[in-house]
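Below you'll find the structure, written out as structure tokens, and then a few comments.
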């Protein structure tokens, strides 16, 4: 009898254990479900639209940022018109209307990354586009040229905030071929924006150039697009998490490749030469006596359209010529500067506009490939920022390079100074060829060693 009772107890005990195991498994499954839900909520990417119209609009909103990136440089068309209101202004003061805003761009490039991790990338896009509007439109109400130029630094700062975001948000929100395709569209969007803004400026100038400031209402339109179609979850992308980390969790610092530093140097030289077109084309047209400021604005529109179309075939051309596309692109731009600096034919100026536009849209992706080709993904963003920084420095230098070279050579003509810009392009070509030869020799040496 006692034996039977022990069996019952044992049997009941086993049953109770089984029930306990089932409850334990259920608890584990519940915990796993909760944990998965928490991770899903914590992951900003999971909160972004994964398909449908909302995803399409997200792509469009990110690409819309690129439409503003040339909104300062294309205002070079109004430099000669500014002289009507400020007849006592020197050539450098007029040129600074376009170049000084780059100071804001340089500062934003250096500190914008820290802002993104603290206030969020969507918020930073909104701030950047609003600053672009304020710094672009409100100089209209300032009667002093230096005051207008100073306020335009805000526009440059705003563009400096959104410039890296216009590319990094694509990589953050999309992966694989989808991201690659959007990067190509981003390059074309830069040209499209320049086309829209420069065409609008040319149209306004045919009536009254004083109203060209209204083109910066495009920045307000982009602000609204960003607010509506970019989810707030984007603010959490790339945010720094505060917490203790063991030394084992800290990744080893990767060495920055020489190509990143070379890319920065190349951008400084290239942007300086390119800047001679930016600051002097409108003044050069007036100096020829046969080409008007309005026609010069049309040339800039041709450059923008050519840049837009040329970007669509960059991949195809590169598949045939490889990294020599860097030499080809700069050669085309150098040829354009020489044509402008030595002819008075409007048709020739239009041809030069095509050469410069296509050459420019091939050079920029070439630089991005160059600085990232041998770069570890963990520091690729930093390497790319070096190129942006170099371009910003080079864009600021031209008025001072023009003044210095004018003092040395005696060439103070904005028209003939375009030949100086071609000289900077020639230096860039020599550097690229030397770098490619050196890189090939190093690759051969590594192959032999291996």
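Any Cβ shown, glycine's included, is placed from N, Cα and C.
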Annotated stretch (transmembrane segment, per TrEMBL) among the listed ranges 124-145, 234-255: 124-145
Range annotated as transmembrane segment in TrEMBL, from 31-50, 211-230: 211-230
Contact yes or no, the transmembrane segment (260-279) and the transmembrane segment (321-341), 3+ Cβ pairs under 8 Å, gap 6+: yes
Proximity verdict for the transmembrane segment (291-314) and the transmembrane segment (124-145), three or more C-beta pairs under 8 Å: no
Spatial neighbours of the transmembrane segment (91-112) far in sequence, C-beta under 8 Å, 6+ residues away: 72-73, 75-76, 78-80, 82-83, 124, 128, 135, 145-146, 148-150, 152-161, 163-165, 275, 278-280, 283, 385, 388-389, 392-393, 395-396, 398-400, 402-403, 412, 414
Same-chain residues at least 6 beyond the ends of the transmembrane segment (347-371) whose Cβ lies under 8 Å from its Cβ atoms: 187, 190-191, 259-260, 262-264, 266-267, 270, 274, 277, 285, 291, 295, 298-300, 302-311, 314, 317-318, 323, 325-326, 328-333, 335-337, 339-340, 383-384, 386-387
Beyond the flanks of the transmembrane segment (151-171) by 6 or more, those residues with Cβ under 8 Å of it: 62-63, 65-66, 68-69, 71-72, 97, 100-109, 112-113, 115-116, 121, 124-125, 127-136, 138-139, 142, 179, 182-183, 186, 216, 219, 234, 237, 381, 384-385, 388, 392
Surrounding residues of the transmembrane segment (417-437) on its own chain - C-beta under 8 Å, 6+ positions past either end: 259, 262, 265-266, 269-270, 272-277, 280-281, 284, 323-324, 326-327, 330-331, 333-335, 337-338, 340-342, 401-402, 405-406, 411
Intrachain neighbours beyond the transmembrane segment (321-341), with Cβ under 8 angstroms and 6 or more residues off its ends: 270, 273-274, 276-277, 281, 284, 314, 348-349, 351-353, 355-356, 358-360, 362-363, 366-367, 369-370, 415-419, 421-422, 425-426, 428-429, 432-433, 436
Model confidence over the domain 'Major facilitator superfamily (MFS) profile' (57-440) (mean pLDDT, whole number): 85
